[in-house]
Structure formats: structure tokens, C-alpha cells
Amino acid sequence: MSKITTELLLERAVPRSTRLRKIETLNLSRLQLKTGDLDPRLFSRLRHLQKLDLSDNFLDKFPNGLTLPDLRVLNCNNNKLEDVTALKQFPLLEELTYENNVYLTLNDDYKVMFLLQNLRLLNGKDITKLANHVRRVNSRKLTSKVTAHWEKFFRDQFPEKYTPEQVKSIKKKFLKSVQTNVVYGPSSLSEFTRWRVKMIAEELLARSLGLDLNTDPEPEEKMDDSEEESTKSPEEAAEDVDQVGDFSSYINNVTVTTSKRKRNNSKPGSGNKRSKTQANAKEEAEDVSAEPLHFLQCHSKGNSREDFKTQLWSCAFEPLLDCGARKGELLKSSSRTVATCGGESVCLIDCETGTVLKKYKVATEEFFSVAWTTLTMVISNNRKKSHNILAAAGRRGIVKLIHVVADFCYGEIKAHKKPIATLCFSPTRETHLFTASYDKRIVLWDIGIPDCDYNFKASQLLRLETLSIPLRIALVPTCPDHYLLAGCEDGCFAWNIKLDKEQKSRPFEAVFQFPNEDGGLTTSHRVDGLAFLNDDVLVSKSSKPRCIYLWSWSRSFDTKGKGCQRTVSAVILAELEWSPTDLSYLTLSTCPAKDYVFCGDEQGSVWMYNLSNYSTAWSSAKGKRSDRRIPPTQILKWPELRENGKQLSEVLINNVVSDPTFTYLVVLTSVNITAIWKKS
């Protein structure tokens, strides 16, 4: 039931009133109101309301249809507003304040200046001159650019007679292209510019083609929000952000060739069918299980389209917020938003649309790793709300903590004096973060939970000593608070990480032996890929060419064994056939829910292994090692990408990651290209 009643409105009127239609000033502050409490049917009776105070509530947006035709002054300070476009329903508004709404940015200021033609004061400042510039000069410049883009690239694509399907297709391509390529003003206003460009483009199409304007606009997609240092305000930090480019919007002659290797029952010489994909595919193998969606170049240094040298290293899918699902269910699902890192930037990408939603940049950094956690934060009046937090780290040894919804890098942890190779959050303790560094240490941190003012306190809980640089880390799924494994430059190791021990600095508890090329066993080899396929089976890639091992954690490591620094033999279950290259740091990943392993190679290909037929046998205590190497189920070949007529060559696949349901596959390369495939 709504908190607002007719009696409350009459009582809170200034002065008190006996009829709703006579109220001119109304104070509804400090009532813990939510958006659903603003009943349009009740508010429509406030026909002569001129001043409204809604400060110090919990409003996240304004519902449409409030119908306050005479509203002149509105106070929305200290709420949780995320969007301002609904304010256009108050066309006579002259004074507006919405300070201390952490989700609103400078871009929202410009939106209200454009939408509210009579607005004079915004957050106590006279914006008359700036607003006129936004409404006239800015609009004129953008209209000119949008029109030029249409005339140059799209006008001639229309035949004299066109079908509704052709119109729809051209409209979709034009809106995406124009929002990507039309740039104007400072980068801190890129979201506003993109919003206006879309609006102008739709008006242009309506005039030129007789189309109806979209009266139900799509949800806003923010781009280029950045925090460089935690001491800066969101507005200051946004000045340091570059524009983001969509690689797929300007690359020419994309040829996508994929191949699928079948197991022993495949017929030799089977032919290929020809079909088209969304990325201009010209060849596609029979029964291909994944197709290319997007090729993006969004980590360029200085936003240069000539940058094909920036290495992309890590990506992680954003988890779904808990909406009543159990923890185990959440771990098997995710959103379609992925965080990628490489060079000086971290990007958030919508895998379905290929849109770069946000971009964070630190000019002096080179990011190597990203990881997500979900923190339950107290926001106000002891109310709790879950928010996804992104941690990013790299060459400077500093962990950046980013509140994604608020577009705010709220803090940093100076974790190591040398670069951080990889990050990992505990699946059971939301504030526990492991950082593995070139200083030959793995450190467990409690990052704390920020308060409503983003104050937080991080503390070091544990330090694990390694003999060489840790490259990949993995927590044992059945006991993630007890054991951690690390693939290092010189071996694979395990530590006891139980916090009930007093010892804060610990050596490794075991080092694993693997077969070497001479038929013997060795502990000394580079392990640059490490991940669990299920609760027991580990997948690791070492410096030994052409081989990826699958081995059993429970049968290799006796948790009841005594003493530290034991040497134990890895119980090998199978070997996966892989590339003959001796290049290192082409890491692997797994999709436990689908029993898949992924690994890229030195030729731009992605090797995919569906191991569902083997997992049952491996789970048996008597499970034997497979006698032959398991070939890939499918190999996705790198497409022939051309820029200015020149084919991109020598593409290394540094990382391949799928979402938990294996809907999307994100491929990170050595040539500054993020490729997104979708399982068909």
C-alpha cells in the first residue's frame, strides 16, 4: 500500500490545505518514499502545485504520468535517482536540485538542460547561458554531423522502393553506426552526446523516410565512464576518458572460417555448407556450434584505430544479482555483460549488442586481471542492497575497486610493489580477494564493505610464499576456504589457506609432479593454465608442447597427509590434444556447467573440448587414464580481418572465457581485438 494518501498530502501542504487542487507548495521530504509510492492518479489532482520537495527519500526514478502541469520548483536531493529523462513531463520547471544522488553524472545535467526549456537554476547554479548553448549550438553541430553521416554512408543504400524489412535493417545499422562514429565535445560528455545523436538520428529517419518516432526509447546504455584515481570526483575523472570505438563498424572484408573436428566416427572428406553470419561470414563448417557476433577494438592507446599492439589479458562475466536464487544457482548463471582488460583500460561490454557500456582508464597502468564480487551494502537508514563490484589490477601492483552502477572507482589497495598477475575472489566470502604477484607472493585480503560515503577498510589476512611467479590461481570447489592451487613459472603448488591457523605467512604444502618429455616425472615446468572442470577434475597447461592435462585433485593430494613442501604425483586422467607451439601464456578456461574446456593458440584459433562423455568415468574412484589424447570437439578458426586492405596476421589468443551457461564466448587477442562468439 502506498505511503501517500490524500490526508497526508493535505497535511504536508505549506500551508495546510483542505483541497488538493488548492495546494501550491508541498513538502514530502524524509518519508522514506520509493518510486512506487508516487501514485500518478493521486498526483494528477495537484493541478496547481508549483513547489515540490521530495528530498531525503529512496526514489530511483520518476514514474511517467504524474501530471503536474504548473510545477516550477523541484527538490530531489539525497535520493537514489538513476535517470532524469522522466523529468521532461514537467515542462515549466525553472529550478531543479538533485544533489547527492550518486548515480547521476555530468551527462544527466546536460540531459535536463536540453529537456527542460525553461530551466534556469540547476543545483543552485544559474545555467541559462550553458543551457542555451546545449539546446542550440550543440544541437546544431550534432545535427550537421548526423546528417553528413547519413548522406555519406547510408542514403544510397535505400532503393527507390523499399520494404518495411529493409527499412528496419537500415535503421538498426544506421543508429548503431552513428552513435559509434559521431563524436563531439569533451569525452566526459560522451554519454550525453550518444543520447542526443540517437534522438537526432531517429528524427532524421522520421523526416526522410516517413517513419514513426520510437515513443518507447530503449534503456540507456552508458559509455566511457571512468575513474582514474580514487581521490577524484566522477566528473573530474571523466575528463581523462577517451572515446570508445567499435572495431566492427569500420573493419572491411571480414571473412570468418570455422572448422569442426569430429571424433573417430567422423567421415573423411565431408564437405562444407556456405552461409552468412552476422560478421559477414563467407565460409562456415557443417554443424558449427558457435558463430561470430562482434570484433571490437576498444582498448586502444589514445583511442587510436591504428593500435594493433595492445595485449588483452583477462575477462570475467558480471554475476547476476541475487533475486531470490540460491547461491549455487547464481554461480551457474551470469549477465551478458563482460569486463575485459588490457593496456591502460578496463571495458564493460554487452556481448549481445557489442556495445561498450563503460570504459575505465588509468594512463600509467597496464591491466592484467579483473574479477567480480557481489557486496551487500548498507545504503541508508540501515537498508541493505546488493551491488556488483569489479576489481582490476596490473603492472602497478594496485587493486582498483569499481562500483559499476555508480560509475565510481571508490578505492584502491596498494597490494604489491611488483605487478599483479591475477585476481580471484572467494566464492563463499564476498570480501575475500586473492592477489598473485610478480613478487612471488599470493596475498589474501579482506577488502571490507564500503559505507554510504564509500569509506572502507582493507586488511591483509594471509600471505602465501611461492618459489616462482604465480601465473594462475584456483580455489578447490569442495573446500574453497581450505585449499588454493597456483600454476607458477616453475611448477604447480598447493597451500592450506584455512584462517583458523595463527601462521599468517605460509610456505606451500605440496608441489605436483607431471610427466616430462623423457618419460619421467618433473616438478619444474611453467604452468600457465589452471582451472577446475568440476569439483575434482583440474585442467592444467604446461610448457610441454601439444598437451593439456586433466587430473584428479582428490586422488593426487591426500588432505590428511602431514608436513609441508611435500612432492606428490598428479594422477592424470587424460591428455587433450593441442597446438604444437612452445609459446607460453596462452591460457585456458573451463565451463563446468557444460563440461567444456577452451584454449587459444598462436594462430588465432580457439580449441574447444566437450568432455561430457568422459566426466562420469572420471568421477569413479576406479577411473583409469585415457590411453589416447582427446582431440578437440571443434576448432574456431580466426577470421580473415582486413584493415585498409591489409590482413591482420600473427594473432595470438591470450585468453578465452565463456559465460557460465556457454551462451557467449569472449576471445582476447595480442592485437587489441576482442572477439565475441555466440553459441547457436
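Every residue, even glycine, has its Cβ placed from backbone N, Cα and C.
Taken verbatim from TrEMBL:
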- 7-200: domain 'Leucine-rich repeat and WD repeat-containing protein 1 LRR' (DOMAIN)
- 211-244: region 'Disordered' (REGION)
- 215-228: compositional bias 'Acidic residues' (COMPBIAS)
- 257-288: region 'Disordered' (REGION)
- 288-679: domain 'Leucine-rich repeat and WD repeat-containing protein 1 WD' (DOMAIN)
- 413-447: repeat 'WD' (REPEAT)
Cβ contacts under 8 Å made by the repeat 'WD' (413-447) with residues that lie 6+ beyond its boundaries: 314, 331, 368-376, 391-399, 401, 456, 458-475, 477, 480-481, 484, 486, 495, 497
Per-state residue totals over the repeat 'WD' (413-447) - DSSP helix, strand, coil: 0 helix, 20 strand, 15 coil
Averaged pLDDT, computed only over the residues in the repeat 'WD' (413-447): 96
